[in-house]
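Q: Quick paste from TrEMBL:
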type	residues	note
DOMAIN	82-123	domain '4Fe-4S ferredoxin-type'
DOMAIN	194-228	domain '4Fe-4S ferredoxin-type'
TRANSMEM	73-93	transmembrane segment
TRANSMEM	148-171	transmembrane segment
TRANSMEM	191-208	transmembrane segment
Amino acid sequence: MVKAVKMAYSDWLDRRRMMQAAFFLLFVLAPPLDLLRLDLTLGHFIFMGHNWTLGIDDFLAGKASASEAALNIVLRAFLPLAMIVATGFWLAWKYGRLYCGWLCPHYSVVEMINGLMRRTFGRFSLWDREPIYPINPDGRRIESQRRYWIPLLFASSGFAFLWAVVLLSYLLPPAEIYHNLLHAELTHGQFIFIAVATIALFVEFMFARHLFCRYACAVGFFQSLIWMANKKALVVALDRERVADCASCHTACEQACPMRLKPRTIKRKMFTCTECGRCLDACEQVQAGGHGNAGKIQTPLLQWVNGECARDVSERDFGKRPDIPGDCFKRKAE
């Protein structure tokens, strides 16, 4: 039995999984803990247990001036929104779709269903033309078995239902939602919302989760646009001087990518990269002696790079060959 190799990018993946789990838990618990939700019955946000309004009630009651009301709107609405947008812009400018790959609760479900789909059909998606190579970069063999249909359906429907309930709890009082749910006393509107959302999310999780992330998610799309504008942002890059070493590899990086991208190509063709690092870990495992490359210990062919080194990926297009520093791929495996 081949023992998995534990190295730098594997450590990053472990940290990413912990962050995903923590953020998913926060996503579920935020409404019942009154950390953040929009209460439609009250007509305003609840933030950290306090009512978050525009502060114009006194103005509407004739107790405050228009200038005081305008100041409240700026401080309570425009300023927080501007801070959120600025922070998101900065992160996307430097790191791309970091939120998607490291925090997004939808992407966490996408990766989990990918794994079950692979065990069921040998593919990450029903739309993949070719099955995934059954041997992982670390040497473990994963054969598809039809019996995984059951956990796949349970996971897809279960997470769809959970998402539907959680989304509704962001809009209506969570105590009411969970009480009605546990006592089978959902109102007509609550039942319709949960039923329709569950069906829609189940279909999306089963058949279109990658398509949603790549083409329908506005948050991810704008992160990608900002990231593409920065030629020196963090990006996955291939050490082209050693590209011949890829010959003995069964495209491990491409098969590991949850978004079904080809990490060895140029940045423009990796528009929806989430910086999850799975391709980097796969390449590192292969280069360190995984299946098909036993004993060949080197630094990985794929690495995260930024600054001047990133130009090799972001500007290598339409015949351009940018000059980059010679030490871009000198990182040592840990």
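Placement of Cβ uses the backbone N, Cα and C atoms for every residue, glycine included.
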Q: Quick one: mean pLDDT on the domain '4Fe-4S ferredoxin-type' (82-123)?
A: 94
Q: Summarise the domain '4Fe-4S ferredoxin-type' (82-123) by DSSP state, stating how many residues are helix, strand and coil.
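A: Final tally across the stretch: 36 helix, 0 strand, 6 coil.
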Q: Per DSSP, how many helix, strand and coil residues does the domain '4Fe-4S ferredoxin-type' (194-228) have?
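A: Across the domain '4Fe-4S ferredoxin-type' (194-228), the residues distribute as 34 helix, 0 strand, 1 coil.
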Q: Under 8 Å between C-beta atoms and at least six residues away from its ends: which parts of the chain pack against the transmembrane segment (73-93)?
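A: Sequence-remote neighbours of the transmembrane segment (73-93) are 52-56, 99, 222-224, 226-227, 229-230, 233.
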